[in-house]
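Enquirer: My questions will all concern the structure given below.
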């Protein structure tokens, strides 16, 4: 096949000459048309070609007609307008080269009958399974003043306890809490952190497929934000119950779920039947007459009774399934082909079963131990085989044949099981019965009998003649059947060789003739690549009436070897170019050119009409009935035998091979996509913790030798520590809570500085009032058991804040407030005019100390009396000595307090 530019060399699956073509093959051909020139032909039937610059007189004022080529409906079914050009097919086929024909042996016996061929069932056992689990979603967040930050989450799947599974299967509900015991500690998680254990209804999930139904309690996970400047971790709980399909493959020692979960337990294990069990037995439970809901999402609570229900507990899921009897739900063999007419030939060591419709011979070794099939081996398909044999017999053989014995079961060398039901013609069956009865009557009695009549003797001779006739007929029939079978086998072998060689010349025509439909074929090495042709829109095919090609300036460039056609694909209005091929095939492209001949005459067939071209220009239409046919068919006087078409044997179809694997990729990807859609993705940034400066310093130090490397490590360690410390500070400050603490600390420091500054300023301005507040107050003293109230007024018109008078001097304006003038205290007795000595100073300090102790006691007493008042609290006033020793932290005394000396 000639390759065409633009064809994508990709193999497209699921396309064969017998099956349905997928859209992928259409896409393949659309890729071919991408390089085709898209034109819009004129809608008129006749087009006048102008002369232009061409000097050929034959082109002047020539009327060229574009022909609408229609195909008759009878021919359209076999050879419609189609495209068969492709670089690579989708199926690979080859001719059988190892056909073995056993020569006829007159001593072998051949018989005809009905043959059923059973193959091993590779499809897995499919059953309903349930999974029970809870999804715990823990979400950590931080609440700021105006924003709520989601910091992360963790998802965990846990198995439901068995007591809660009973609630799910009976009520369609599950609880909003989950308890886990780790060591001696018990942990309980609640849905939405509400600290209440309630029940939630199951409902159908939106995501699912035909084989998997998922029931959940929560469609969207909720999250409760925390308080301002605090972290909070919330829990959202979702019960997930899945009704899906489990698959187990022969020998049924494990099964697989669509989610990829593998359980190493036979689905038929019931606890005592000896089936495979490779899991923890304490986690396995089985119940009889178990009640389970048909639909967990329905409030109708319609249940069904399961004879045996098994559950297996795992850490993250509980798996349940119905336990059935293996002999009732599975069969190791499955019917492959039914051969209505077959021939079995018996040889010395084997039986050969010839299936004419399959063009195959199946061999059974007589002495192979594998041929001994037990009743248990055929139990699962014995009844079906008997019904099928009776159906074929009543349809095709009831009037002319009888069954020869019962059906027998045989195993071929390829592992197939053949059910053989021998047939015998009714006339031969009657002769055989008569011969057997004659033999029985001849040997049935040894007693002496009365001489028979002459006609009885004649009857004995006729029985012998019948027996001889039967034996002779059987021999001739067996010989005829043997020769026919051998000749038929040799003919098929030679035909296969001839077709194999012819396919190297034109594989498309040979394969089209074999399969009876137009196909595109190409020899690829020692095999043939096969694909089906694509039909175009039959009503849009238009043949160009001119096979000459001119340049833009009107010069003749050459001539097309095949007529140019316009066409459109189905369900498309885009017009494309091609060339007309044999049997209505459209060849893609217009590159098939040749040198123009002067006296050219050609006829091209499209449909049931011939189109005549002279000098590469269409002249007229020709009826094909006017052209004689070369008849190569030699008609037989007898009825011809049925034609035998080659058939590609497929022991297992593509669907069976796809379903044979327990790991269904499509189901696994659906389950994966379901889980993926439910995930919340968090983007993380990866930051290099090493600063670029330290990294450059380390590289520089490494170049200075061992000493530099050591210094670099020390500097790097110190720099790393400093960087970590600074990073910690930056992290603390950038944290909202840390920033608030720093702000409060700064405000406190500023307040403390202002307070200290004001105290120091007041002490500097009035130090005597600050350190000795008692001096500016009214003094009450007791001297010599006499109470004298002394006031120290200042000059007239001034306040009484003046200091006491010096000894020996009468203060101006002072007067005795408690006694008469005669009894006034004389200042001379106190040593008027003399300075205070050290002893006087000591007595004054002692007096101040006694005054300080007295005031302190009064303050303590006053504090105890006012402790009952909750609205005010008076702090203990420090004494004078304390003020002198610790001048900081003084508090100003009240003006109404008295000082007693």
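The first residue you see is number 1, and the count goes up from there.
Cβ atoms are placed via backbone N, Cα and C, with glycine included.
Pulled these from Swiss-Prot:
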type     : residues : note
COMPBIAS : 852-864  : compositional bias 'Basic and acidic residues'
COMPBIAS : 872-883  : compositional bias 'Basic and acidic residues'
DISULFID : 84-533   : disulfide bond
DISULFID : 101-489  : disulfide bond
DISULFID : 174-239  : disulfide bond
DISULFID : 331-380  : disulfide bond
DISULFID : 559-596  : disulfide bond
CARBOHYD : 53       : N-linked glycosylation site
CARBOHYD : 60       : N-linked glycosylation site
CARBOHYD : 66       : N-linked glycosylation site
CARBOHYD : 197      : N-linked glycosylation site
CARBOHYD : 270      : N-linked glycosylation site
CARBOHYD : 328      : N-linked glycosylation site
CARBOHYD : 372      : N-linked glycosylation site
CARBOHYD : 406      : N-linked glycosylation site
CARBOHYD : 436      : N-linked glycosylation site
CARBOHYD : 537      : N-linked glycosylation site
CARBOHYD : 571      : N-linked glycosylation site
CARBOHYD : 623      : N-linked glycosylation site
REGION   : 141-147  : region 'Involved in fusion and/or binding to host membrane'
REGION   : 226-233  : region 'Involved in fusion and/or binding to host membrane'
REGION   : 794-813  : region 'Disordered'
REGION   : 852-901  : region 'Disordered'
MOTIF    : 890-893  : motif 'Internalization motif'
SIGNAL   : 1-34     : signal peptide
TOPO_DOM : 758-901  : topological domain 'Intravirion'
Enquirer: When DSSP is mapped onto helix/strand/coil, what comes out for residue 328 (N-linked glycosylation site)?
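Expert: Residue 328 (N-linked glycosylation site) sits in a helix per DSSP.
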Enquirer: Cα-Cα, whole number of Å: residue 596 (disulfide bond) versus residue 623 (N-linked glycosylation site)?
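Expert: With the alpha carbons as reference points, the distance is 27 Å.
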Enquirer: If you count Cβ atoms within 10 Å of each one, which of the glycosylation sites 197, 406 comes out on top?
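Expert: Per the Cβ count, the most surrounded site is 197.
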Enquirer: Filter the disulfide-bonded residues 174, 380, 559 down to those whose C-alpha lies within 10 angstroms of the C-alpha of residue 328 (N-linked glycosylation site); answer none if the list is empty.
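Expert: Within 10 Å Cα-Cα: 380.
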Enquirer: Give me the DSSP three-state residue breakdown of the region 'Involved in fusion and/or binding to host membrane' (141-147), ordered helix, strand, coil.
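Expert: Helix (H, G, I), strand (E, B), coil: 0 helix, 3 strand, 4 coil.
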Enquirer: Work through the disulfide-bonded residues one by one (101, 174, 380, 533) and point out the residue whose CB has the fewest other CB atoms within 10 angstroms.
Expert: 101
Enquirer: Compare the C-alpha of residue 372 (N-linked glycosylation site) with the C-alpha of each of the recorded positions 174, 197, 239, 489, 559, and give the closest one.
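Expert: Considering only the listed recorded positions, the nearest one is 489.
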Enquirer: Quick check for you: of the recorded positions 101, 239, 380, 406, 489, 571, which have their Cα within 10 Å of the Cα of residue 537 (N-linked glycosylation site)?
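Expert: Checking Cα-Cα distances against residue 537 (N-linked glycosylation site), the recorded positions within 10 Å turn out to be 571.
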Enquirer: To the nearest whole angstrom, state the Cα distance for the pair residue 239 (disulfide bond) and residue 533 (disulfide bond).
Expert: 53
Enquirer: Enumerate same-chain residues with a sequence separation of six or more from residue 559 (disulfide bond) and a Cβ-Cβ distance below 8 A; give 'none' if the list is empty.
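Expert: For residue 559 (disulfide bond), the qualifying residues are 547, 548, 549, 593, 594, 595, 596, 597, 600, 616.
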Enquirer: Find the shortest Cα-Cα separation between residue 197 (N-linked glycosylation site) and the recorded positions 101, 270, 331, 623, and name the residue that gives it.
Expert: 270
Enquirer: For a quick check of understanding: among the disulfide-bonded residues 84, 239, 331, 489, 596, which residue's Cβ has the most other Cβ atoms within 10 Å?
Expert: 239
Enquirer: Looking at Cβ-Cβ distances, which residues of the chain lie under 8 angstroms from residue 270 (N-linked glycosylation site) while being 6 or more apart from it?
Expert: 286, 308, 310, 323
Enquirer: Round to a whole number and give the Cα-to-Cα distance in Å for the pair residue 84 (disulfide bond) and residue 174 (disulfide bond).
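Expert: About 62 Å separate the Cα atoms of these two residues.
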Enquirer: Going by DSSP, is residue 489 (disulfide bond) sitting in a helix, a strand, or coil?
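Expert: Helix, per DSSP.
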Enquirer: Starting from the Cβ of residue 328 (N-linked glycosylation site), draw a 10 Å sphere and report how many other Cβ atoms land inside it.
Expert: 9
Enquirer: Rounded to a whole number, how many Å is the Cα of residue 380 (disulfide bond) away from the Cα of residue 571 (N-linked glycosylation site)?
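Expert: Roughly 50 Å, rounded to the nearest whole number.
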